[in-house]
């Protein structure tokens, strides 16, 4: 079929949420002429649910996005109202940063960034179809009948795909926050042959700040110590005038109200059909699943400086409006609270992610990529991370360059994508530190060390950032080398000082790095014995030094495991492999292999239901029939 295109682009990104923004900025910055199409320009980078960025695992993803040259970290550093480091009492592998966002300012700043970006056109239009010829993307069709040519298309439609809002017995077609749903595109993705799933998520009510009795709640302030998501942000710019959050709880009265109205709850009445998130359940789901709990935490989170709206985190619900009001008024501090927006549930279509390659390109259609909630994930950060990788790979494909695949040992983003394409997901996927087997080397403090060079190689890290990275890396390397070369001797003067500090005296000579391995010895104490570095070190370098030195043994073991897995990842599986021709593989394994079509032995070994014997048989088969090569 011959198409008459009115405009032509290298890459078209459909949807301007957190995934779409990162995808379009990446492609345009890599030199591709890009169109970012959105149903509503006023909802670019909008936060339809929680007004925050980061948190456990997610905060590390934001730093990874930043290290690769993405925008989310920079944008939240310009627009937060509170910053807090989580899990400070735990090990370094699980520490992560979280920021309360001024949600309207966050969206405005991101829109400004997109509008001024070279090679990037921003357009309010609805895309109804993906145009495909001979198994390859050639463009898109708008709702008004316009056809735009493209060499690659990235679908980042969030919860808009056949979205339906549910509130009590009310159910109507809608995207998030009463925006338009994308129904025709959902129909046409299915017609293209993609397998479609149906998920559900929800959001809590918003209450008016001036109607809250804060005296009945517990204040939750931000941190005084400077922290940032972007490695380019300066401590001098750290916000002093932060806005606190507040903690309150449900109670028995709250639970009684919910239990008495479960028959009206869409989750239990049969109105909701989609699968909801395990790690962010609705309050009615929590009351039923955890009936023995006397109360549940609720955090009152301001949505910005210039609004009265307060997000009641932990109270996600689709109960009828009258029940929501009674529920709010049963909570300490909210007895007279004015509900400004009701909570609601939203159901939406997803592209089942086992149909994707690790580049986030669909296996079925060349040049078609998907990212974000479209792939079955939850969360702005997960979406942004996928959007960045999809955008990078769309640009690389257009330019005829080698693809970028982040491994599980490279980044949390790599863990997430591998989980999605290898295991799929039966519910909205959320990143957790427990999903990462190499989490000790995927920390928040070393994201730039892990990924900045990759960002530089693909063209997303500019000269200013690269210079700053080189300075930091050289300072780190030089100080580590110095600490590994200086010896502390067990002489009287040294041991007198050691004992004055309440520490165990030295019995043998010890290099400074070994001395720092003692749990009670931090960097400042160590250099008080051996003298300071040749130049002043930033607090972030000191944090990195302490972690790398104190956990060196564990880190080395993790790196040994990575090396073993790398050998598995290097063993490729031909794309044209005949799974039925492999004798002795278990039926379940054969079915999974056919469904997922793994690209490497490493990926095959991580598929649920595949055991080591199946992998051994597969490897023997490939060694005897290894002449075929995977083609993309």
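Don't overthink the numbers, they just go from 1 along the chain as shown.
Including glycine, each Cβ sits where the backbone N, Cα and C put it.
For 15, 16, 17, 18, 19, 20, 127, 182, 373, the entry in Swiss-Prot reads FAD binding site. Around residue 19 (FAD binding site), the same-chain residues six or more apart in sequence whose CB sits under 8 Å from its CB are 156, 158, 371, 372, 373, 374, 383, 384, 386, 387, 390, listed in sequence order.
Feature annotation from Swiss-Prot assigns NAD(+) binding site to 276-290; the stated evidence is sequence analysis. Within 10 Å of the C-beta atom of residue 280 (NAD(+) binding site) sit 19 other C-beta atoms, taking all shown protein chains into account.
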Inset, instruction - Going by Cα-Cα distance, pick out whichever of the binding-site residues 15, 17, 127 is nearest to residue 282 (NAD(+) binding site). - result: 17
Inset, instruction - Could you tell me which of these binding-site residues, 127, 288, has the greatest number of Cβ atoms within 10 Å of its own Cβ? - result: 127
Legend entry - Cα proximity to residue 127 (FAD binding site), best match among binding-site residues 276, 278, 286: 276
Legend entry - List of residues, in chain order, with Cβ under 8 A from that of residue 276 (NAD(+) binding site) and at least 6 apart: 199, 200, 201, 202, 267, 282, 285, 345, 427, 428
Legend entry - Densest Cβ neighbourhood among 282, 373 (binding-site residues), 10 Å radius: 373
Legend entry - Densest Cβ neighbourhood among 15, 17 (binding-site residues), 10 Å radius: 15
Legend entry - Pairwise CA distance, residue 15 (FAD binding site) versus residue 284 (NAD(+) binding site), rounded so that it is a whole Å: 31
Inset, instruction - Sorry to bug you, but what's the C-alpha spacing from residue 17 (FAD binding site) to residue 278 (NAD(+) binding site), rounded to the closest Å? - result: 23
Legend entry - Distance, residue 17 (FAD binding site) to residue 290 (NAD(+) binding site) (CA atoms, angstrom): 34
